[in-house]
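Feature list (source: TrEMBL):
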BINDING   Ile158, Asn182  substrate binding site
BINDING   Arg237, Ile238, Asp257, Pro292, Leu293, Thr294, Glu295, Lys296, Asn318, Asp344, His368, Ile369, Ser370, Gly371  NAD(+) binding site
DOMAIN    100-396  domain 'D-isomer specific 2-hydroxyacid dehydrogenase catalytic'
DOMAIN    192-370  domain 'D-isomer specific 2-hydroxyacid dehydrogenase NAD-binding'
SITE      Arg320  site 'Important for catalytic activity'
SITE      His368  site 'Important for catalytic activity'
Amino acid sequence: MAMKRAAASAVRAFASSGNSNSSILIRELHGPPVVEEMRLGGGTCNCWYVVWVLMFLCKQTSPGSKKIVGVFYKANEYAAMNPNFLGCVERALGIGDWLKSQGHQYIVTDDKEGPDCELEKHISDLHVLITTPFHPAYVTAERIKKAKNLQLLLTAGIGSDHVDLKAAAAAGLTVAEVTGSNVVSVAEDELMRVLILTRNFLPGYHQVIKGDWNVAAIAHRAYDLEGKTVGTVGAGRIGRLLLQRLKPFNCHLLYHDRIKMDLELENQIGAKFEEDLDVMLPKCDIIVINTPLTEKTKGMFNKERIAKLKKGVLIVNNARGAIMDTQAVVDACSSGHIAGYSGDVWNPQPAPKDHPWRYMPNQAMTPHISGTTIDAQLRYAAGVKDMLDRYFKGEEFPPQHYIVKEGELASQYR
């Protein structure tokens, strides 16, 4: 922008210099004026090279040019192993060349924490920030205040609780995510974790690695899934998909949600609605968390609520780590009140090396991986590109993608 202004000023200054033997023919090219012909001292100079340079500058720094920052995890040597591995720094959703061809600036980093991080260097003048739940850039009210040019916050995936949504709404920002992009991925992962905990799989796996063989040490806590009562806290897109996948196992299925399913879907899935969460939870052999992190759900599973659960309960949480009271989960796993806890979400993320969930007994934790399968990456990369294209054109997003729009929060975050 500065180069364009300088070029335009120079052209105008020359044109108004008062030299009667000199003239400039100026043509507008969707931006500042550029020189088409110069007459110097009665001679003519066709300055096509100058024109080309100025046109190039106009294209590179056009008035619609946006600065976009993407924050993703590094794949390092794994980036080269799969050409569809798009959700990492190295491939940056596969939109780099496209953005450059549109005249936009695209900065990509994994460095997102602390006052001297790479992200912080760009906060003041970025227009769009893209991040993922798997390596979230925490967009605090303080960062929003610094971001004078910020207009759009995009989540490549599902879940925008890494953004201070109230601050974003107050600042008039748009927050959007690729709704539905990884719901199948997360639901399948939850089903896997339910089976891993129910069959007491991990101790057997560890025996094999260590060269041991002790069937009794595994079998004394291994159960069939059939006949067990499974309850999901939240029955949105992921929760419903999980219930559908559990139906063939002949479980007793319960769900708690703000909104009751329509009767036909409820009958098709075979799940029973429980209006009161604290009535449902003690009935469950297995509890799966599928609710977003909000002010109401933060710390929802505290010491008191966990104490009311069935002794030996299994819990799967792929929603958000902060829904659980960290120490209360550790204590309950240590005492055996929780017989197994599995999930891929932590508070904070990435989890520090001394996070107690790494070392508590009866856990089957992983890094945040459930929603970043290669299939999911292809879907949320395409979704981000589509929304950016709509943003550049001034078009609306699909309504289900909005988390904050025109100062209003989506219903699930109110």
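Glycine is no exception: its Cβ is also placed from the backbone N, Cα and C atoms.
Curation does not apply to TrEMBL; its annotations are automatic.
Sequence features, as recorded in TrEMBL, placed on the structure.
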residue	record	Cβ within 10 Å
Ile158	substrate binding site	24
Asn182	substrate binding site	27
Arg237	NAD(+) binding site	18
Asp257	NAD(+) binding site	19
Leu293	NAD(+) binding site	22
Glu295	NAD(+) binding site	10
Asn318	NAD(+) binding site	24
Arg320	site 'Important for catalytic activity'	24
His368	NAD(+) binding site	23
Ser370	NAD(+) binding site	24
*Listed recorded positions are Ile158, Asn182, Arg320; which of them have CA atoms within 10 A of the CA of Ser370 (NAD(+) binding site)?*
Asn182
*Would you measure the largest Cα separation among Arg237, Ile238, Asp257, Pro292, Leu293, Thr294, Glu295, Lys296, Asn318, Asp344, His368, Ile369, Ser370, Gly371 for the NAD(+) site and round it to whole Å?*
25
_Averaged over the domain 'D-isomer specific 2-hydroxyacid dehydrogenase NAD-binding' (192-370), what pLDDT does the predicted model reach?_
97
_Roughly how many Å lie between the Cα atoms of Leu293 (NAD(+) binding site) and Arg320 (site 'Important for catalytic activity'), rounded to a whole value?_
6
*Roughly how many Å separate the Cα of Arg320 (site 'Important for catalytic activity') from that of Ile158 (substrate binding site), to the nearest whole number?*
11
*Looking at the binding-site residues Arg237, Glu295, Asn318, His368, whose Cα is closest in space to that of Asn182 (substrate binding site)?*
Arg237
